[in-house]
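Feature annotations, courtesy of TrEMBL:
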type     : residues : note
DOMAIN   : 37-466   : domain 'Amino acid transporter transmembrane'
TRANSMEM : 40-61    : transmembrane segment
TRANSMEM : 67-90    : transmembrane segment
TRANSMEM : 116-138  : transmembrane segment
TRANSMEM : 189-213  : transmembrane segment
TRANSMEM : 282-301  : transmembrane segment
TRANSMEM : 321-342  : transmembrane segment
TRANSMEM : 385-402  : transmembrane segment
TRANSMEM : 408-430  : transmembrane segment
TRANSMEM : 442-467  : transmembrane segment
Amino acid sequence: MQGFGGEIFQVESCESGLEIQKVGNAEVDDDGKPRRTGNLWTASAHIITAIIGSGVLSLAWGVAQLGWIAGVATLVIFSGITLYTSSLLADAYRSPVTGKRNYTYKEVVRNNLGRAMYLACATVQYANLSGMVIGYTITASISMAAIQKSDCFHTRGHQAPCAVSHNPYMIGLGILEIFLSQIPNFHKLSMLSVVAAIMSFAYSSIGVGLALAKVVSGQGGRTTLTGVEVGIGLSAAEKTWRMFRAFGDIAFAYTYSQILVEIQDTLKATPPENQVMKKANVVAVSTTTAFYLMCGCFGYAAFGNSAPGNLLTGFGFYEPFWLVDLANCCIVLHLVGAYQVFAQPVFSAVESSAKRKWPKSNFVNAEYSVGFCRSQRFSVNFLRLIWRSSFVILATLVALVMPFFNDILAFLGAMGYWPLTVYFPIEIYIAKNNIRRWSRRWLGLQLINSVCLLVAVAAACGSIQGLNKALKTYKPFEVKE
C-alpha cells in the first residue's frame with residue numbers, strides 16, 4: 001500500500017493473520033514516477049506485438065487483388081511512410097523548451113496543436129484502441145474454433161459438417177483477459193510482449209513455410225501482374241471495391257502510432273528516449289516489412305488469384321493439420337498479449353483522470369501488495385480491479401453480440417489511420433520546426449498527407465460495402481459451419 005511520501009506497504013496473508021510490512025521508497029525518475037527500465041528491445045517487442053496481427057495472413061489476399069506490381073509496391077511504400085511519420089512523432093515526446101515529458105499521444109497533440117486537435121485525437125485514438133480489443137476477441141475465437149474444425153476435418157474428412165460456436169471461446173478469452181488486465185501499466189508488460197512477438201514470428205513463419213512448400217512442389221496458383229481479373233464471377237465494380245479494401249488492409253497493417261508515445265514512455269532516460277525509439281522503429285518496421293513481403297508474396301504465389309482471406313483460419317491449408325493447429329495456437333497467444341498492449345492506454349486514461357480528480361481517495365490511489373507469506377506477490381488497486389474488469393466484460397459482450405465487428409473495425413481503422421499515423425505527426429513536426437508554407441518540405445509533407453487521406457477514404461468506402469454485406473446475413477449467436 002502506498003502511503004504519504006511515496007512509502008509502499010505490502011500485505012501478507014499467513015497462518016497468524018494478515019501482515020502488513022513497509023517496503024521502503026521506490027526509485028523514481030526525474031518526473032517523480034517509478035524509474036523506467038525499458039530499452040531498445042522491449043520497445044521493439046511492444047511495437048512488433050502491436051503491428052504484426054493475424055492480419056498478416058490476409059496479405060496474400062491483398063496482393064492478389066492488386067497484383068505483383070501494385071501489391072509489392074504498396075507494401076514497401078506504406079512501410080516507408082509509417083517509419084518516417086513514427087520518427088517524427090518520436091521527436092515530440094519531450095518539449096524542446098522545457099524537456100517535460102508527454103506521457104500520451106493526446107498530450108503531444110495538445111501541447112503542439114491546441115485543445116481542439118487534442119479532443120479530436122483522443123476521440124479517434126480511444127475509439128480505435130477499444131475497437132481493436134473487441135476485434136482481437138473475435139479473431140482469437142476464430143483461431144480457437146479453427147483448431148477444433150481442423151481436427152474435425154482431419155478425423156471425418158474435409159466435406160464433413162463441422163459446425164463450431166465461437167461464443168465459448170470468446171467468453172474464455174474474456175475471463176483470461178480480466179486477470180491479465182490487472183497488470184498495472186506498460187512498464188510491466190515487457191515479458192508478455194516478448195512472448196507475443198515470438199508467437200507472431202512463429203505463425204507468420206509457418207504460413208510462409210507452408211506457402212513456400214506449395215510453390216516448390218509445383219502446385220502454385222496462377223498469378224498476374226495486375227491481380228484478380230474481371231470476368232465471370234467478378235465485376236469491374238467488385239474488383240474496385242476489393243482493391244480499395246486491399247490498399248486499406250496493407251496500410252493499416254503497419255499502424256501503431258496510437259500507442260507509440262505510451263511505448264516511448266517506458267524507456268530509460270539515457271540514452272535519449274527519442275534516439276532509442278527511432279532505432280526501435282527501424283528494427284520493428286524493417287522486421288515487419290520482411291515478414292509481410294514473405295507472407296504476401298509467397299502466399300500469392302502459392303494460391304494465385306484465388307488466395308484465401310486467411311491462409312490458416314480460412315483453411316488455405318488443411319494439412320499437416322498439427323502444424324496448422326500449432327500456428328493457430330500461436331495466433332491466440334499473440335492476440336492475448338496484443339489485447340493488453342492496445343488496452344493499456346485506455347485503462348491509463350480513465351485511471352489518470354480519476355487520480356487527478358480524487359487525489360486523496362484510497363479507492364482510487366491505494367496500492368495493496370498482496371501475497372501468501374513469501375510466495376509471489378502482486379499489486380491490487382480497487383479502481384483498477386473494477387474498471388478494467390468492467391471494460392473487458394463489456395468488450396466481450398460486444399464481440400458476442402456483433403461477431404461481424406471486424407467489418408466495423410475495418411471502418412474504424414480507415415477513420416483512424418490517416419489522422420493518427422499521418423496527419424498529427426506531420427502537423428506536429430511542422431509546428432515544432434516552423435516549416436514555412438509552400439516551401440519544398442511543406443509541399444512534400446502535404447503530398448504524403450493527401451495520398452494517405454485518399455487511401456483512408458477509399459478503404460472506408462470499401463469497409464462500408466463489406467459491412468453492408470455482413471449486415472444482410474447477420475444472425476446473432478450463430479454457430480459457424
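Yeah, the Cβs are placed from backbone N, Cα and C, and that goes for glycine too.
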The transmembrane segment (282-301) in contact with the transmembrane segment (116-138), cutoff 8 A, at least 3 CB pairs, sep 6+: no
Positions whose Cβ lies under 8 angstroms from the transmembrane segment (408-430), at least six residues beyond its ends: 81-82, 85-86, 88-89, 91-92, 105, 108-109, 112-113, 117, 120-121, 124-125, 127-128, 131-132, 134-135, 245, 248-249, 251-252, 254-255, 257-258, 402, 442, 445, 448-449, 452-453, 455-457, 459-460, 462-464, 466-467
Stretch with greatest number of CB pairs under 8 Å, the transmembrane segment (321-342) reference, 40-61, 67-90, 189-213, 385-402 candidates: 189-213
